[in-house]
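The structure appears below as structure tokens.
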């Protein structure tokens, strides 16, 4: 299995990561409005009732849909060979009919075509971010809330179609010879699930079009059903990426080959199969049937968390297997063999590197929030703010894992620039090479700051979701900042607001660190 650093092996991966980080930055700005409107005594700053819902819609789409799918796209690009000619895989009949030139745009330079996708996706993200200026007509629904204006719809459609074409192109050049690789199967399974999510959207759209010919339905109910099945499938894509990133980071943490790699591969297959089961909702139920929504709710409730929890159990057992058992063996040998230790069974030195501490921080924060979100889900009893508390916990746990994946990807720039810096300082190389532009150099990473950033974000989110969860027990309704609350609930919502502000600061710190390195790469050379 390749390491996380190897995933960041081409500029295509970095382009998608840049897009994801920018979307997080935009989402962070909108989250300020959300926290202010949810915090008592501060909501009067925004008297327009549509501002909360509009900000919530943009925040959700940027911080979940755009961000997580951008990271997913970066995994696709990083693990697919984009070198050589654009030849279809062996046995592809399309080659005989010259359709490959249409399907893959091979009339252009292959790399240029692939780099076009993140640029189009960035344009789509920008349209979504600025769409409230075209008018506030929010339509709330789960998974993909909508603003009913042309700018938002064009932006969302452009992003979806761009990523769909990119997925099809990646699938076309995919290496099918090694599906026992964790990386390869993650890429293949997430691409298939993403394409199938569009089938679900189309299936739902067709059913709704037939339905509205018979009876009129409200626009909120229309979009809720339109995105219900496909949105569920997207959650399994996020879970698949989460498992892959956890295992990738865990392998770097223990600095050795995984003993349970086949088990982790089995979990990826299992989660993939669970995701594919979403299609049965369309097969067995009509979209207007109440059992249609219940099927997907139960599907997520009973199957959504199985693979990630088993993954955590597997990593825990492997951690004991790799470190605790050899350490006990060493203690036994020390006690009964006069302190003569067999070096063959000596575990890794207890001294950890800075990078180890960063990975530990990422895993600890991600796992803590993900499990906390799952525990809160067990206490959902109505339509109140316990629901967003659960969702914030689980989805931010996934998001922190993706943030860690993105941050460690910057290590590629670091190592490359360190090599260039050493070469620059070599007198012989200076005589042979032209002066290198400043953009090839980046400042050294400050891992203490990034550790603090992740802990700050996690602490703020814990306060945020616990405030929401306990306030839900007092009947505070979701998606309604103006609901009447008792004093105890108000205090909890103040706690929620304070935690939200702390989390926003942590998130924006992360965005600042990554943007500074990825977009403004410079370092002061000794001779300048």
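Every residue, even glycine, has its Cβ placed from backbone N, Cα and C.
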So which range, 305-325, 326-346, gets flagged transmembrane segment in TrEMBL?
305-325
Out of 56-76, 77-97, let me know the one TrEMBL marks transmembrane segment.
56-76
Name the residue range among 389-410, 411-432 that TrEMBL annotates as transmembrane segment.
389-410
Between the stretches 16-36, 150-174, 225-251, which one has more Cβ pairs under 8 Å with the transmembrane segment (263-285) than any other?
225-251
Surrounding residues of the transmembrane segment (181-205) on its own chain - C-beta under 8 Å, 6+ positions past either end:
1-2, 7, 69, 72, 75-76, 79-80, 160, 163-164, 167-168, 170-171, 174-175, 225-231, 233-234, 236-237, 240-241, 244, 247, 261, 264-265, 268-269, 271-272, 275-276, 278-279, 282, 287
Within-chain partners of the transmembrane segment (389-410) [C-beta distance under 8 Å, separation at least 6 from its ends]:
4-5, 7-8, 13-14, 17, 20-21, 24, 63-64, 67-68, 71, 74, 238-239, 241-242, 245-246, 248-249, 252, 355, 358-359, 362-363, 365-374, 376-377, 380, 442, 445, 450, 454, 457-458, 461, 464-466, 468-469, 472, 503, 510, 513-514, 517-518
Short question: which residues 6 or more past the ends of the transmembrane segment (305-325) have a Cβ under 8 Å from it?
239, 242-243, 246-247, 250, 254, 256, 258-260, 263-264, 267-268, 270-271, 274, 347-348, 367, 370-371, 374
Mark yes when the transmembrane segment (120-138) and the transmembrane segment (16-36) have three or more Cβ pairs under 8 Å (sequence separation 6 or more) and no when they do not.
yes
